[in-house]
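Note sheet for the following structure.
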Amino acid sequence: MKYKQKKQLLKCEDCGNTISVDSDTSLMPNQITNNVLFCAVCGKSFPPYKLLLPKDLQKKKAINPYGICWKSSFQTKNFSCHQTLRGNDKLFYCRICGKSFVQNCDLNRHVQIHTGEKPYHCEICGQRLSRRSTLNEHKWNHMGEKRFQCEICGERFTRNSSFSMHKKKHGVNKGHQCEVCGKTFNEANSLSCHKRVHTGEKPFHCEICGKVFTQSSDLTRHKRIHTGDQPYTCVICQKTFSQNSSLIRHKRIHTGVKPHYCEICGKTFCQNSDLSSHKRSHTGEKPYSCEICGKNFSVSSHLSRHKKIHTGTEPM
């Protein structure tokens, strides 16, 4: 491969590296080996590539090619994250505290600590946050959704960080194993609670109505039916609920979140019960039957409305 002798020296403003470029062919002859183009500073290799000169870059409105290797890109995200240097070299420095970073995007996030900038805000409560990932996690707190479930004890968590801390409690060496299914537990108490799934034992009973439960927490929730206690409050409209699950469903009215998805048509729903009813429109299933005439319905509310014909409360 031959190159014309006319050269142009380009100096990288970031690292000071001087690159010899053939101004006619727009190639870098001193940085091509075995038909592979590579950056002399960071060592990253690329396919053979004709690089644009600065005047051409301005004409085509391209982003300043990656600074240290002059590989051009028309996407900002690629430009920011390409500039990773080899070894422990750190090119980007914070002008406030002097801390250095390998990538410009890391520096930008760091600077927000000094400036206090919080570009992301929650539409529900108005709180501002510095990172999009933090905002997404914050929104889950409003919804009360507990997406992370422990496979060992069944406890659920809103945040992945809380879930990770919880898993450490179970430990690696679990000395308590269920003889029925082989599931292992870190604590004997957890194993005892689990065994009730197999035995059907329900040691917790309600003194008011006599109903029995497997778990103490289930009994506590049940008692609120008798006492009228509603300890769960919606932070948006102040409505109260006796169960956390009811509060979670209610919050979806404010957030607009519809986590239940129909695999057939793609329609989404706030509640799983609504999804189940909807699916019957595809399957044709009608599980609700009138005891008087035998007519079947796909939705229980349709059956209730139909029964009024027999009772005389609704004209035929």
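In case you wondered, yes, glycine gets a Cβ from its N, Cα and C as well.
If you check TrEMBL, you get these features:
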type   : residues : note
DOMAIN : 92-119   : domain 'C2H2-type'
DOMAIN : 120-147  : domain 'C2H2-type'
DOMAIN : 148-175  : domain 'C2H2-type'
DOMAIN : 176-203  : domain 'C2H2-type'
DOMAIN : 204-231  : domain 'C2H2-type'
DOMAIN : 232-259  : domain 'C2H2-type'
DOMAIN : 260-287  : domain 'C2H2-type'
DOMAIN : 288-315  : domain 'C2H2-type'
Tally of DSSP helical, extended and coil residues in the domain 'C2H2-type' (232-259): 12 helix, 4 strand, 12 coil
Secondary structure content, the domain 'C2H2-type' (288-315) (per DSSP, counts of residues): 12 helix, 4 strand, 12 coil
Segment-level pLDDT (mean, integer) for the domain 'C2H2-type' (92-119): 79
